């Protein structure tokens with residue numbers, strides 16, 4: 001998708017692979033905030049609920065179609081209708097997931113209890129431990145771009161990548177890696193902290209006594225587990241009553257689509273040849289928050305409530321509701337200048353390119369910035 005010249009700060013051309021500056025920016029967070037219209041920080045309960053209710057109505061409509069009309073279709077047609085339902089329902093439920101994510105950021109309303117109640121119900125329904133992920137995700141926002149303290153998709157130096165990485169650095173290997181990442185990446189991250197921050201002992205989002213959480217958070221981790229197990233039990237009862245195939249077709253496959261989109265969106269937000277990572281000698285919060293990229297998912301930008309194409313603004317101001325994020329993004333582009341990164345490469349091409357180019361991170365030889373690391377792929 002082409003970008004209007006005004007969106008590129010009047011530059012005739014924009015190279016998305018051109019590295020963003022890794023030096024300290026000449027502006028502050030306060031200066032960025034002043035460039036944004038004040039109303040963009042206002043949270044509205046009616047407006048937030050309007051997006052949620054709309055998503056739930058569409059999701060219920062797809063559910064009704066899948067259980068009432070698809071089974072009535074003749075054999076060739078229903079085999080085509082089910083994948084279409086899975087994709088559409090998966091996209092809509094990803095939007096629901098994003099609203100729950102906003103609740104975790106206290107961006108849904110001015111009331112924390114309401115945000116947590118809505119977020120807990122929505123995320124539990126999608127088998128996500130709400131408070132567990134809320135706290136780990138908050139730490140991700142506090143430490144984005146840090147090789148030591150970031151929580152998700154933390155790249156490894158060349159010396160620490162697994163021995164088999166070089167054998168997967170080819171087209172078949174990349175297909176296998178992407179397939180595993182998109183299908184199993186989310187549950188593996190939640191259960192085993194795969195691709196997450198390195199801890200000195202086993203870490204899991206389901207373990208209240210694990211190293212991810214502190215003593216004040218442990219009770220809420222138990223509550224998160226109860227929410228997930230309650231939904232899992234309800235699904236078990238549904239499977240006993242209506243059959244496992246019914247649950248898999250109506251709920252299970254759309255959930256796989258949701259999980260795949262979550263991993264893909266997060267991966268592409270933080271994995272890019274032009275983005276730096278920092279060790280403790282160089283990292284600071286603002287540079288870390290700017291080490292992310294906005295992408296273009298076409299119509300899915302709207303379905304996903306702009307988490308895809310306004311992610312830079314989201315990292316700078318995570319309590320801002322999604323329905324103001326695009327206006328804020330347009331406002332901050334002039335002050336961010338070269339520190340703002342947008343890549344309009346199609347999602348499929350970008351996914352393949354990043355899997356090929358972004359294998360590990362390493363310092364540039366001869367660079368004066370010893371604590372700045374860039375993605376590389378040479379073995």
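Glycine is treated like the rest: Cβ placed from N, Cα and C.
Looking at 125-142, 143-160, 197-214, 251-268, the range tied to transmembrane segment in TrEMBL is 251-268. In TrEMBL, the feature transmembrane segment is placed on 175-192, out of the ranges 103-120, 175-192, 283-300. The stretch that TrEMBL tags with transmembrane segment, taken from the ranges 226-245, 306-325, 326-345, is 226-245. Under DSSP, the residues of the domain 'Fatty acid desaturase N-terminal' (21-61) split into helix, strand and coil as follows: 27 helix, 0 strand, 14 coil. Taken as a whole, the domain 'Fatty acid desaturase' (81-341) shows an average pLDDT of 97 in this prediction.
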